[in-house]
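Encoded as structure tokens, the structure appears first; notes follow it.
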Amino acid sequence: METLMVDRVHGSLRLFMHRNAVFLCERLCAQFPAETNVQLLATCYLHNNQPYAAYHILKGKKLPESRYLFAMSCFRMNLLREAEEALCPVNEPNIEVPSGATGHYLLGVIYRYTGRVEAAAEQFVQALTLDPLLWAAYEELCILGVAEDANECFSEATALRLQQELTSTSNVEKSNFVNENRFLSSNVSASFGDSPKQIKQLHANTTAEVSGYPHVKSTALHMQNGAPSNLSQFDTPSPTSTQASGIAPPPLFRNMHAYQNTAGGNAPSKPKVNAPNLTLRRKYIDEAGLKKVSGRLFNQSSDSVPRRSARLSRDTTINSNSNISQFGGNGTDHSSGNRYHVVDEMWTDNVTSTSSSTSIVDGRYPEQEKSERVLSQDSKLAIGIRELMALLRTLGEGYRLSCLFKCQEALEVYRKLPEAQFNTGWVLCQVGKTYFELVNYLEADHFFELAHRLSPCTLEGMDIYSTVLYHLNEEMRLSYLAQDLVSIDRLSPQAWCAVGNCFALRKDHETALKNFQRAVQLDSRVAYAHTLCGHEYSALEDYENSIKLYRSALQVDERHYNAWYGLGVVYLRQEKFEFAEHHFRRAFQINPCSSRNEEALEMMEKAIFADKKNPLPKYQKALILLGLQKYPDALDELERLKEIAPHESSMYALMGKIYKQLNILDKAVFCFGIALDLKPPAADVAIIKSAMEKVHLPDELMDDDDDDDDEI
């Protein structure tokens, strides 16, 4: 009963009958309350979107699978602390994370959402080490901005290791299968010794279920001996010897003979082999192999050992009502007192004769065929793994570069994809996002529209698409997109982001805010929805709530530069220039090529115009110009700043950095020296000295120090 119920539960899950699976599994756990059954019930609850029910039945369980399911339930309920405790208990620091790669991935996501970026990255790397095909882990590393080059992650060495793992797993499965078969064979042999009737049943089943010969029934036994058959109870009539002249008899039946009518009590005799049939056999069997078995198969001497089929035939005819015509032949039955011996001999000789008769068919030995088949399978597996790794390398490198906002390089990588892979919803959306970051809204619109047309039910990226239409002032198309997304899935945050952008384009900020809040309510882990709420609060001049929403976005994704920029704008409007500078700088460090820098430049010019004696807006403007690689304009702004604040060390340090970019090294050293003479803060002294020492180094050798230089 338990096995049947478990099988039905799995069947219901496979067919997405989740309510049925829950019902059956609840009955299962009531009758058989084992922890493995409780795990299955928790799985059913999770599939049925009932994480609270899974949480209730798994709380306190200690098995690894139970801990993983409990952690997943907690994660779905946003109970991150309990989820972490289940995966990595504090009182058991050396315990392994359950479920291998997926367990490490879940723990990494928990670390990421709780602000522990380094620990999260470590878990994602561990997950990829255990399972190189866990794309979600590499995707998270790209979002964190710490992913290694895809050529390293999905390298040939990784492909070889994966191939070895899969091959070893396959060999273990084959070994288990062989051992099970041997165990089954030994049990069958033992059962033969106890019940001759089971021999009859085995041969009947074997005759009716030969793989590769679905048309072959028990009548094939008669065809082997070249005699006609009157077995009317079988489905398929026996072919005559002339019909079988071009067909080799299946090896399985080579050592078996037809049944005879034993109504008169006569024992079956050895069948005679006619010449045509013998010629037919010699056509397909090597002479050497034929000589080995000829003593058993074709010996017509009356002094030979009685045929094993005699015992089988007599036992069968006693227990059946079939009327079978007799074959001619002589022989006596000596098997009555040697049941175990005869059956044993029959079993071993049948295997021997079968293997010997098929060992040299077509001039190839079974071992040779088996080795060739294994090599063929291994080569196909190796080729498949290499092709998959090559595909993941291209996709991974493109996604990594796009997450680092190296947009042109990402586009070049995506163009290397095969046409079948490029023309998919995910890839087209990634290309559209890349063009969006390049402020090429027309191209972004083209690829997003193509993605939506090709895969209308793909919702990922549609929130960015709605923003593209917002910037293009395509009110009608934006309205149509919003309605389309809501009709597809009204519980998706992307749909309500599109609706919110539609109202924002009409300057109805309050209604837009309500729709963005709805998106946050549906999925609080979408950073862009929080940012859009912050934009609307900022438009309504509710700066306090705007700051809260921007910070919520950064809790979800620390590298969401739109939120950093939004905070800078809010602080700038509040005339908190130091805070504005900090947040603008963070946005610039994440995405130096963003169009937001141009907007920030306009904001700084307005701030300078409002308070011409304030040095901070001028310094921030110089930083933005530096990010836009407008070095002469940045120097001009700093020269004007020098008139207002001539003793500011950070100003001279920034001038030194600009002169280094312009390759005017003597002025760069001079400016760094003045910055040190003005006694900067202790934290800046080491940075300025390091930059001064590396003035004469080529730019390619200073890439590792860019983050330090940005703090100048």
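The backbone N, Cα and C atoms fix where each Cβ goes, and this holds for glycine too.
Going by TrEMBL, these are the annotated features:
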REPEAT    101-134  repeat 'TPR'
REGION    225-244  region 'Disordered'
COMPBIAS  226-244  compositional bias 'Polar residues'
REGION    299-335  region 'Disordered'
COMPBIAS  315-335  compositional bias 'Polar residues'
REPEAT    493-526  repeat 'TPR'
REPEAT    527-560  repeat 'TPR'
REPEAT    561-594  repeat 'TPR'
REPEAT    649-682  repeat 'TPR'
Rank 493-526, 527-560, 649-682 by Cβ pairs under 8 Å to the repeat 'TPR' (101-134) and hand me the top one.
527-560
Using DSSP, what's the helix, strand and coil tally for the repeat 'TPR' (493-526)?
27 helix, 0 strand, 7 coil
Across the repeat 'TPR' (527-560), what does the mean pLDDT come to, as a whole number?
93
Take the repeat 'TPR' (561-594) and count its residues per DSSP category (helix H/G/I, strand E/B, coil), listing them in that order.
27 helix, 0 strand, 7 coil
Helix, strand and coil totals (DSSP H, G, I; E, B; other) for the repeat 'TPR' (527-560)
27 helix, 0 strand, 7 coil
Which residue counts does DSSP give the repeat 'TPR' (649-682) for helix, strand and coil?
27 helix, 0 strand, 7 coil
